[in-house]
Amino acid sequence: MRLNPAKVAPEAAPGREAGQEPGSEAQGPEAGPGPDSESRPQPAAGPGSELFPAAEPEPQPLSASGPGQEPELGWAAGQRAGAPPESQPLPASESENGVSERPRCHTDCLEAPLSRAFRRLGWEVGSHPWIFLLLPMVLTAVLGTGLIHLPKEEEEDLEEQYTPIGSPAKAERRFVQGHFTANDSNLFSISRKSTEVNYASILVVSNTNSLLEQETLSEISEVDDAVQALSVTQGNGTQILYNEVCSKNQGYCVPSNPLLFAWKTNNVLNLKNITFPIYSLAGQVVYLANILGGTVLGESMGLSQLLLEAKAMRLQYYLKTGEGEDSERSKAWLIHFLNQVGNLEKSLALKKIQVVYFTSLSRQLEFEATSMTVIPLFHLAYLLIILFAVTSCYRCDCIRNKMWVAAFGVISAALAVVSSFGLMLYIGVPFVIIVANSPFLILGVGVDDMFIMISAWQKTNLMDSIRERMSNVYSKVAVSITITTITNILAFYTGIMTSFRSVQYFCIYTGTTLLFCYFYNITCFGAFMALDGKREVVCLRWLKKPETPDQKCSSLKKPCCLPCNSLRDKHKADIHPMNLFFRDYFGPFLTSTESKFFVVLIYILYIISSIYGCFQVQEGLDLRNLASDDSYITPYFNVEEEHFSSYGPRVMVIVTEALDYWDGDARQKLEKCLVDFENSDYVDKNLTEFWLRGYVKYMENHHHDVNDKITFLKNIPNFVIDSPLFMYDINITSSQEIICSRAFIQTMGVSSSTNKKLMLLQFRDVAEKCEIPLMVYNQAFIYFDQYSAILENTVRNVIVASTAMFIVSLLLIPHPLCSLWVTFAIASVIVGVTGFMAFWNVNLDSISMINLVICIGFSFDFSAHISYAFVSSSKPSVNQKTIEALYLLGYPVLQSAISTIIGVCVLSAAKAYIFRTFFKIMFLVMVFGVAHGLIFIPVFLTFF
């Protein structure tokens, strides 16, 4: 966040020889070699160009400085803005005052060299503007060719970008893939899959209380038959039928729903005797958990209860998955399914049921589609920023009017985006969809340097040469735009430490773009401003003020200088009305006793509400939010959450090392650990599936010694013939050693992100405490890991970024009190933004984490400017110090916040959560940042 410097009254320009034209260049050796020449004094610059007022000798009262005059304060302690070089003696009026100087912390070691370097740069830019204008444009043209590497049809790996790097679940998945096999073509079992498979899913919701009626099941059966009848005709004329790509169990496609399959096989099936969640069908156990939803249960019947009603049913169509042609054919069928499923609803004229649908491809396809929804908003954002910039810099006379300069400042920010993005794509930094947020942010933030430079230019002396004016402008804004650039870039680059790749890439792109903004502002934009300065000289020569008061402007000049007396006089103050508002109205009102009491009360309510909200915020990225609001997957997840939230995924409990399963003590220890899992509130103990329990019963039923190693191992092949799926749960080597095996537990009550996180942590804790080496895994754990990682990453990034801001504040504005207030404001704004996220339905996820890191940089800017202006003020009372700080910086703080909000406000109209969330949090950051900078901190400073 860069702040437009306050507009305070300029000092009188140094005298010139009579007859010298304004803006003319000095000729001969008197012109000097450049801004560092000490052979001639530098003209005093206009006031107020620096953001941080300096600690300086006590000034004379304002009344002594003449009418319309205001003291100008620079950044460096003890140094006036635009002061002459060190070798130049102070003006007599100051040196003779004999005012004692109060001890202050000095930053000359950093500020003075930087200011001198910028003075030289400003001189060069003013001397050769066309070079500094064209070279950045050539650089942009060269780097911009990197945009050809923007991904077009390449899929963005959601797991890679939005799940933690090196998460435990990814290591667990590698273990499962390396030790257990599966067979989609003969014995398919979804709970035994280590990765997500290709599938289509339909959720059927009954229009009546229950779908366990003949008429309703008939309609569901029609839907099922229509889906299985879908076929795809490929380009070569061959067809892809469902039964060719479906996953199979003993040679037949896996039924979409076992209960529906049983009803279709036997239409006289007694629907009144169905039990839930375990149903015995033709001697086989069928698990109905997650198959039926919205259930109403009756009396207990063994391990289950009588099923009275079921509101919803899931139809799941599993397809072949893996590498090669089978997977591609499956995906082709899924795309055809998505294109046709909407027509099925109409053609079947469903009356009893409603259907929603989803596929394994839907999340990826819908996520990619969201990027297209934001493209039209780019044009609107640029238009709004240009209008704001032009309006802010418009003046009624052609000398002070900087509307074209302001418009070019927005173009300069756009050039920075093109250059940065092109460079990043050239060197191979992946472009992920959330990077599309970056240009909106850059628009709002990148133009702030422009406002600073324009304001500093308007306070220079019209009688100076272009080189002198540019030199003065650059020396004044050097530290101001540098420190704000450093803090914002640091805030973004600390985001590279996170374990989410999408956040890393966003921070790399945005931080680098801010660096290009800084570079282009001090070169390209400065050169354009110098060229506009030459236009000022031409206009000033043509539009000389009338010699006498009663002389009228010519009709030709009126359109250029209306109102006629608005042409700037170098001897008059140029005070913006908003600065006067903060000095004469807002400041005195805020420092009254009644206002202070009210502000403290408001802050107490704010911090209490924020802390409460922090405990309510949900963690993790809801995968439905990756799609646009009008996507078909939103109602699917809504129905699933409403009717199928009772049961969660089936979790593998894996014995990771070789174990003597025939040893009674080993079996007892393993059983104890499994019972510990079953005693969890997140587990339905009646739905546990473990080969060893079944095998022990099998051995006992056949009167075999289960404790004998040879007998134990010899009978396993016969056991898996009766229970073929168990063969995929036991890993036996050729040397007859069981190196690992697994059980399955059924989770329940884990619909919320908090419960998912607690369940995962509890399971891993139980596994770690077990005497037998255990591991828990489900493919959903890949995404569940974000719930535990997101908070850790956010806290770490906030601490690192805040520490960096604190160090920067000590180096460049080393006043201990100021640094403390900066730290306080950063913490307060972060707590406020995090708390109010919960009230605005924003989760703490990888997307909002980006904004919290950004929040640190912006909070620093607001708080540092105001607090340092206060502690550096020479006013005698704390109230007067506060009023002066608001006078100097109130309008710049407000202006910079508005420019940033305008840059991102168009995202509020986006249909996608990831873009709308960016707007919400940036809005909170700006509002709370401005509230701290203009209200809370000024009041709190008066108490100390």
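Every residue, even glycine, has its Cβ placed from backbone N, Cα and C.
Just so it is clear, the model here is predicted, and its values are computed rather than measured.
The domain 'SSD' annotation in TrEMBL covers 374-531. Under the heading region 'Disordered', TrEMBL lists 1-105. Annotation source TrEMBL lists transmembrane segment at 369-391, 403-427, 433-457, 477-496, 508-531, 819-840, 852-871, 891-914, 921-941.
The recorded stretches the transmembrane segment (477-496) and the transmembrane segment (403-427) do not share 3+ CB pairs below 8 A when only pairs 6 or more apart in sequence are counted, and are therefore not in contact.
If you look at the transmembrane segment (921-941) against the transmembrane segment (852-871), you find at least three C-beta pairs under 8 angstroms, all six or more positions apart, and that counts as contact.
The list of residues near the transmembrane segment (852-871) in space but at least 6 beyond its ends in sequence, with Cβ under 8 angstroms from a Cβ of it, reads 1-3, 51-53, 55, 441, 483-484, 487-488, 490-492, 494-495, 507, 794, 797-798, 801-802, 805, 808-809, 813, 815, 817-818, 821-822, 824-826, 829-830, 833-834, 881-882, 884-886, 888-889, 892-893, 896-897, 900, 921-922, 925-926, 929-930, 932-934, 937-938, 941. Within the same chain, residues 136-137, 139-140, 143-147, 149-150, 382, 385-386, 389-390, 392-394, 438-439, 442-443, 446-447, 450-451, 454, 508-509, 512-517, 519-521, 524-525, 528-529, 532 sit at least 6 positions outside the transmembrane segment (403-427) and bring their C-beta atoms closer than 8 Å to a C-beta of that stretch. Along the domain 'SSD' (374-531), the predicted structure has mean pLDDT 84.
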